[in-house]
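Asker: Below is one structure. I have some questions about it.
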Amino acid sequence: MTPPGRLYLPRVRGTRLLFLLLGLLLALPPRAKGLPGVGLLPSAARAAQQHPQKHFAHGTLKPAAHLVGDPSMQNSLRWRANTDRAFLRHGFSLSNNSLLVPTSGLYFVYSQVVFSGEGCSSKAVSTPLYLAHEVQLFSSQYPFHVPLLSAQKSVCPGPQGPWVRSVYQGAVFLLTRGDQLSTHTDGISHLLFSPSSVFFGAFAL
């Protein structure tokens with residue numbers, strides 16, 4: 001006999017207990033089980049499962065840009081976005097060879113250039129060749145271009161024969177809508193133009 005005020009629980013062991021718990025779990029609604037469709041009406045849940053990219057796209061469309069150097073411009077580094085390897089997405093635009101930041105926030109900014117040459121001078125005392133690449137910021141907060149990323153290399157004097165130097169830079173910055181990102185390069189005549197060698201871009205985090 002069960003004492004007054006106490007709930008009688010039958011003893012269930014082993015396999016019977018497992019099936020009992022499984023039955024209780026299956027009887028719960030999707031919201032309680034943490035299954036796909038949590039927090040959504042049945043019709044919305046079905047739509048999300050059938051078209052996940054369309055349903056969640058609004059939260060993933062972040063500004064992004066990837067530019068490549070124009071090989072037809074041998075005396076200057078001009079960026080272009082009209083190739084199949086380059087793009088401007090969700091607000092980014094290219095104006096006067098500068099990327100225009102569409103919204104304020106954190107951005108990863110990156111750039112790479114590759115320099116090459118046939119060899120150093122055969123003179124006993126040759127003049128060093130300095131190479132540099134810089135990503136600059138022009139903002140309404142500053143009346144001049146501010147370096148964000150900067151790297152330098154030098155070649156010659158050195159071993160005879162062809163040489164190649166690559167420079168890659170990337171970091172996270174807090175940018176403001178309307179900021180302009182551009183580059184400055186020393187040693188443009190030695191740039192090795194190809195979409196995989198000379199590029200510049202940024203994307204929102």
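Just so you know, glycine gets a Cβ as well, placed from its N, Cα and C.
Keep in mind that this is a model prediction, so the values were computed, not measured.
Heads up, here are the entries from Swiss-Prot:
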SIGNAL    1-34  signal peptide
DOMAIN    63-205  domain 'THD'
CARBOHYD  Asn96  N-linked glycosylation site
DISULFID  Cys120-Cys156  disulfide bond
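Would you situate these features in the structure and describe their surroundings?
Answerer: Cβ environment of Asn96 (N-linked glycosylation site): no same-chain residue six or more positions apart lies under 8 Å away.
In the three-state DSSP assignment, the secondary structure recorded for Cys120 (disulfide bond) is coil.
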Asker: Which residue counts does DSSP give the domain 'THD' (63-205) for helix, strand and coil?
Answerer: 3 helix, 77 strand, 63 coil
